[in-house]
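Peer 1: Okay, here's the structure, questions in a sec.
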């Protein structure tokens, strides 16, 4: 069994894969925005595996965007698991997928893995949108060439920045209702404005992607569902297939792990 960790900027999500490479998310989510304890992380994961009688992994794959967290996880893993560790890294290319970065390891590995999964190693043109703490957009053309991408603040960070830098603008932290109509009170103006801004940005990139022959978009990340639904309802670009897959980074991580094993 493989244990897979997706370590983002604020949360750690986990999944396992069996011999048939079927991915199963684990019901464990570790928030490390305000500090990280590697021992507690591994203990929570091990307890989840034991409670659900899932067994213990022989291989652990880690996708991590924070080097200090990666180091802490590697240093303490052996205290909880007797497993081979695989730390995913951003590459210059994988099969047909070609990274546009001159220095590949300056790209967050989560972006690389999401592209790897969405394009099936560069075989399929796609746009990938990760709606997390940061919202990232990457475009891969037919033939596997990464055209580049964007990184902007995610919805929660935009809301936090707005509220902390203005005196008479207020809103709750409830981002569950996705509305883009003009607000009629301050909270609605703030929240609807955030959604309208994000959706307009995404639709602009959909238009550009279509001009590059890209007809498939993959959404992932915590706010993916909140953003994909209104875009589908507006249906401004029906020729673009809109897909939602919360396991996209895990799929890319599993591919990376498998390729690494082949080299042994």
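Placement of Cβ uses the backbone N, Cα and C atoms for every residue, glycine included.
What TrEMBL says about a protein is an automatic prediction, not a curated fact.
Here's the feature list from TrEMBL:
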- 110: active site, proton acceptor (ACT_SITE)
- 6, 7, 8, 9, 10, 11, 12, 13, 133: ATP binding site (BINDING)
- 101, 108, 109, 110, 111, 186: substrate binding site (BINDING)
- 130: K(+) binding site (BINDING)
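How buried are these features, and what lies next to them?
Peer 2: DSSP gives residue 110 (active site, proton acceptor) a helix state.
Non-local neighbourhood of residue 6 (ATP binding site): 12, 13, 14, 15, 63, 110, 249, 250, 253, each in the same chain, at least six residues away, with C-beta under 8 Å from its C-beta.
The Cβ of residue 101 (substrate binding site) has 15 other Cβ atoms within 10 Å, all protein chains considered.
DSSP classifies residue 130 (K(+) binding site) as strand under the three-state reduction. Other C-beta atoms found within 10 angstroms of the C-beta of residue 130 (K(+) binding site) number 27, with every protein chain shown included.
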Peer 1: Take the C-alpha atoms of residue 130 (K(+) binding site) and residue 111 (substrate binding site) and report the distance between them in angstrom, rounded.
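Peer 2: Cα-Cα distance, residue 130 (K(+) binding site) to residue 111 (substrate binding site): 8 Å.
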Peer 1: What kind of secondary structure is residue 12 (ATP binding site) part of, going by DSSP in three states?
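Peer 2: In three-state terms, residue 12 (ATP binding site) counts as strand.
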Peer 1: Given a separation of at least six residues and a C-beta threshold under 8 Å, show me what packs close to residue 111 (substrate binding site) in the same chain.
Peer 2: 90, 128, 130, 136, 138, 149
